[in-house]
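Colleague: Quick one: the structure is below, questions incoming.
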Amino acid sequence: MGNEESVFFSRVLTELTLSFHIIYATIGVGVPLMIMIAQWVGIRKNDEHYILLARRWARGFVITVAVGVVTGTAIGMQLSLLWPNFMELAGQVIALPLFMETFAFFFEAIFLGIYLYTWDRFDNQKKHLLLLVPVALGASFSAVFITIVNAFMNAPQGFDLVDGELVNIQPLVAMFNPAMPTKVAHVVITAYMTSAFILAAIAAFRLLKGSDHVYHKKALFLTMKLGLIFSIGAAVIGDFSGKYLAEYQPEKLAAAEWHFETEGEAPLMLYGILDGQEVKYAITIPYALSILAHSDPTAEVIGLNDFPEDEIPPLYIHYLFDTMVTIGVLMIMVSGLYWLGRHMRWRFIHSRWYRWLIVAGGPLTVIAIEAGWWYAEVGRQPWILRDIMKVPEAATTSGHVDTMLYLFATLYLILGVGSVVVLRRMFRNNPVEREIADREAEVREGTRKGGDHR
Amino acid sequence: MSLEVLGITVLMTFLFGYIIVGAIDFGAGFFNAYSLLTGKEHILTNVIQRYLSPVWEVTNVFLVFFFVGMVGFFPSTAFYYGTTMLVPLSIALILLAIRGSYYAFETYGASGHKGYSFMYGMAGILLPASLSIVLTISEGGFIDMVNGQPVLDYGALFTSPLTWSIVFLSIAATLYISAVFLTWYADKAGDRDATELLRKYALIWSLPTIITAGGIVWELRSHNADHYNQLLGLWWMFALSGALFIGTVYLLWKRHNYGLAVWLLIGQFALAFYGYGIAHYPYLLYPHLTIHDSFTNPAMATALIIAFILGLGLLIPSLYLLLRLFLFNKDYVKGRKKDEHA
């Protein structure tokens, strides 16, 4: 296998691993917070339904976390296996957050084990809830640290490059690079948002499939409310990300917006197709790109004409950007209308079509996460470390990458199908109605015997 | 102590942690599958499940910690090992992934096919074998530099007796460590039948462990004379390790104080492991890479060590809590607590 092929297959394998891992990682970051909120609401309102909600979510969470852990281990090692030259160079500057990530992960793993097995150990539910705090913190901080590494790839700093050698290395300066605040915030909040909408989709689906239990209605209202808050947050942070890009990575923004000439009063192009350098059938919003980039309708936005041709990312990232933004805006509207509808007693939010819309929101937000990450990664091309190292220089020279690609593709297929089958079986064999009935029977039994049943 | 020695000591400690907890985990999976095959699952499954359930994820973290720390402290290892180990480590990753996820699927989801248990058990045996290849390669002689790029010579690797001795040691040691630990655990749980069966396994696997370990030292004499001579210089560590081995076997034989047997076992492996590691100094990869020339810059090294100390401050109390709630909790071990998961 030639070197070009090694580069190609390394890219495909990395993209495959990340695209698969990010689904489970997103759930892994967001769902612990949702469980925590549900359990907390349950304790505060003294409502068994919310406690059960937390418990059932936690049960499903274990399955997704297992796949997240093993695929995370895979990508962690693949960084060195597929991009050894990159790790050798970047490791000298950005190893710190990678290392800290393993601590966050360690912390999370320990307390998740404890949390799962101590549902019935404490008489005071609050103590049990307390055990979940490190799980949620560990999960979110894993995302923070690993995203810092990715931010560094976009805006490397904290070192000087002298004759190809890195000198004057400052690990903390490297961590707190300009890309870091917006990127970290955007990744974390969209993980919360996506998790909320996935859980909302499940509740809406149960309601559509004939269960009219108030349990699902409570779940739906709670998750839609959370989804609304987080999706608005995601949009606000997304706007800051645009300003970051305009300042530090203008070629990424320009490629995503098909902005060819540097100019002021730049319009924002949505959708459309490209004919040479001419944009056709796009929706054009005047001044919007200048506003997104600099909060000023007349501000100058740097176009692709300011960059050498071989340093411009592929222009199809425009569609990835549009997909991400469209789904984000759609979800703000769906959850906003739902929330408003609850207060105004609008009937249509309980209609079948609206519930189907909420169900669609689950997979759609996952697609938005994928599109966002593809945009972030492809938009950095041809660099792996912006302005320092290009992707082909970073890749392994080993043959066999193609074979590994097929092996890992098979693995992800097995894990993907396996996790879905297991989750479906798990909840189908133990529907919530039965579990509620069982618990009530248990409590009655307990009181009849006149004591604590434990 | 220089920063690089401190760094490698930290990493070795985590690798040692992984070897012990990983071996218990892998071996448990194997014994579980084997008991299914011989129709003795009613004896073992309970004990093994109770031990594994709350800790399986933690085991994995030790490994992640080791390789992330390795690339952090010694970035050049990414270049040498990363380039050459693509195939063996990818296979190990796939085995780990199948094993880890199917454990969760089986335990928390609905229990499924017997085939999974066999796959799970087999993966547990193949894993130490594929991971141990790293140790073999570190002895040198298997990597050629072609146009400035390291290339692994598979022919030499798979025909070398050293490779196979290390593979056999990794498997035998895995089963031995696991059986000794589980004997103690089963005894603590008051499970007579399981204790007896596991004690038998422990005794069976003790001999292959010590024979292959000795065999490797002998192999090294011809394969890597430098390392061999340095090993001889540390003879007292290995002698002590051997004495502790005899102590463990004696206690098992006499059915006496299984807890002490586990501690002697850990001592035996720690002495052998650190002795092996110290003799390896200063090479990370004979003869291409030493801990000095591959070491990261002082600023990063200091930052990593500070992060490590702060991290330990967080981890040690957490690990203690985990052990206290499950491993050292009599009611939990005996299955008296109503600790159904979620």
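FYI, residue positions are counted from 1 along the chain as it appears here.
Using the three backbone atoms N, Cα and C, a Cβ is placed for every residue, glycine included.
Model, not experiment: these values are computed from the prediction.
So TrEMBL has the following annotated:
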| type | residues | note |
| --- | --- | --- |
| TRANSMEM | B:6-34 | transmembrane segment |
| TRANSMEM | B:55-73 | transmembrane segment |
| TRANSMEM | B:79-98 | transmembrane segment |
| TRANSMEM | B:118-142 | transmembrane segment |
| TRANSMEM | B:162-186 | transmembrane segment |
| TRANSMEM | B:198-218 | transmembrane segment |
| TRANSMEM | B:233-253 | transmembrane segment |
| TRANSMEM | B:260-279 | transmembrane segment |
| TRANSMEM | B:299-327 | transmembrane segment |
Colleague: Given the transmembrane segment (B:79-98), which of the listed stretches B:55-73, B:118-142, B:233-253 has the most Cβ pairs that are under 8 Å apart from it?
Modeller: B:118-142
Colleague: Against the transmembrane segment (B:198-218), which of these stretches has the most C-beta pairs under 8 Å: B:6-34, B:118-142, B:162-186, B:233-253, B:299-327?
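Modeller: Ranking B:6-34, B:118-142, B:162-186, B:233-253, B:299-327 by Cβ pairs under 8 Å to the transmembrane segment (B:198-218) puts B:162-186 first.
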Colleague: May I ask which of the stretches B:6-34, B:55-73, B:118-142, B:162-186 has the most CB pairs under 8 A with the transmembrane segment (B:299-327)?
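Modeller: Looking only at B:6-34, B:55-73, B:118-142, B:162-186, the most contacts with the transmembrane segment (B:299-327) come from B:55-73.
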Colleague: Near the transmembrane segment (B:162-186), which residues from the same chain, at least 6 beyond its ends, have a CB less than 8 A from one of its CBs?
Modeller: 19-20, 22-28, 30-31, 47-48, 51, 124-125, 128-129, 131-133, 135-136, 139, 194-195, 198-199, 201-202, 204-206, 208-209, 212-213, 215-216, 219-220, 223, 248, 252, 258-259, 261-262, 265, 269, 333
Colleague: Below 8 angstroms Cβ to Cβ, which residues of this chain, lying six or more residues outside the transmembrane segment (B:55-73), approach it?
Modeller: 4, 7-8, 10-11, 14-15, 17-18, 21-22, 25, 96, 100, 103-104, 295-296, 300-301, 304, 319, 322, 326-327
